[in-house]
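Quick notes on the structure that follows.
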Amino acid sequence: MNQADRALQASQARVYNFSAGPAVLPLEVLEQAKEEMVSWHGSGMSVMEMSHRGREFENILAAAFSDLRQLLAVPDNYEILFLQGGAIAENAIVPLNLMRRLSADAPKADYVVTGTWSVKSQQEARKYGEVNIAATSETERFHKIPDVSSWKLSSDAAYVHLCTNETIVGVEYQETPDVGQAHGRVVVSDVSSHILSRPIDWNGYQVLYGGAQKNIGPAGLTIAIVRKDLLGHAHPLCPSAFNWRLVAENGSMYNTPPTYAIYIAGLVFQWIKRQGGVEALETRNIIKSKMLYDFIDASSFYRNEIHPTCRSRMNVPFFLNDESRSEAFLAQARERGLVQLKGHKSVGGMRASIYNAMPLEGVEALVDFMREFERVSA
């Protein structure tokens, strides 16, 4: 049986997984990992068994760095860091590395709050200095991103923090916000749930970070991309393993990195290149999300509450107008091989996370089911 036949056989037993994270991975990647599980490239070792200092893993790591830089067109004056702890840890790591950049005596940062994750980010940052809420959409239930013209930014803030795709509520910045980066303002963004889904304007962001478990690979790996001149401002009490400068100087191996998660991420990077790169995936993601939103908008049975100008391409929350039918919807969806559609407990309803690895056929199957469920429920 050749690789294509094995992939076809495996696909026939798989479901369409709409989990928000950990999330669906490309089947090709899983098949390759399966083939290489016991002996990577004839080494006689699984990647999980390799020394992170050995030649084999050094090759894996170097390829992952190189491919990610190429895919996102990361400029040479930015450092790519492979870390651990997820975006939750970065909520502390960011202020520990940046908040004292302008003033050690009066550390300060601006935060734009557009959903659950940016709420958590600003709460954590308050442990390390003053936080100014430059804008928030909380009074609108986070259904819309505040217009940039309304943001109240501080002249003495070390950085502006955003979450450019809020996984739970389903809002996404569709444009890079212009907040004066050309005049020295530093913009930091949590991109956990939409990294590699669209190109990045590096004039607009000086630090990006995200957990890998949504759009890159398995849980355990965190990626930060930091402009090099922003390294070296860490708080004296910042743990060494979370000091961006030390991590950069040690090639992301100051401590033992999450080797297998990096290996899988590297396979995903190669898969993205075979798909035509980030630009090709963006086109595909627009098609997938438009298909789902168009169906919801045309229906009197389902609804999406997010303002059309900032709907997420990755995370599509929706509700049944008759919410008493929600459990039946989920149960029948599972019977059709459509899983992990339940919305976050803080929001309710449903949520379809349609990351890069979700094929168009998965979204088509979901829409077909939603149409049929609406018909029989009418």
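Cβ coordinates come from backbone N, Cα and C, glycine included.
Listed by Swiss-Prot as binding pyridoxal 5'-phosphate are W117, D190, Q213, N255, T256; the candidate from T139, T167, T283 that the record includes in that site is T167. Sequence-distant contacts of D190 (pyridoxal 5'-phosphate binding site), defined by Cβ-Cβ distance under 8 angstroms and a gap of at least six in the same chain, are A87, E90, W117, S118, S121, H161, L162, C163, T164, Y209, G210. Between the CA atoms of K214 (N6-(pyridoxal phosphate)lysine) and T167 (pyridoxal 5'-phosphate binding site) there is a gap of 9 Å, rounded to the nearest whole number.
Between the recorded positions R53, K214, K214 has the most other Cβ atoms inside 10 Å of its own Cβ, all protein chains included. By a simple count of nearby Cβ atoms, those within 10 Å, the most crowded of the binding-site residues T167, Q213 is T167. Among the record's pyridoxal 5'-phosphate binders, W117, T167, D190, Q213, N255, T256, no two C-alpha atoms are more than 30 Å apart, and one pair sits at exactly that spread.
Take the binding-site residues N255, T256: by the count of other Cβ atoms within 10 Å of each Cβ, the lowest one is T256.
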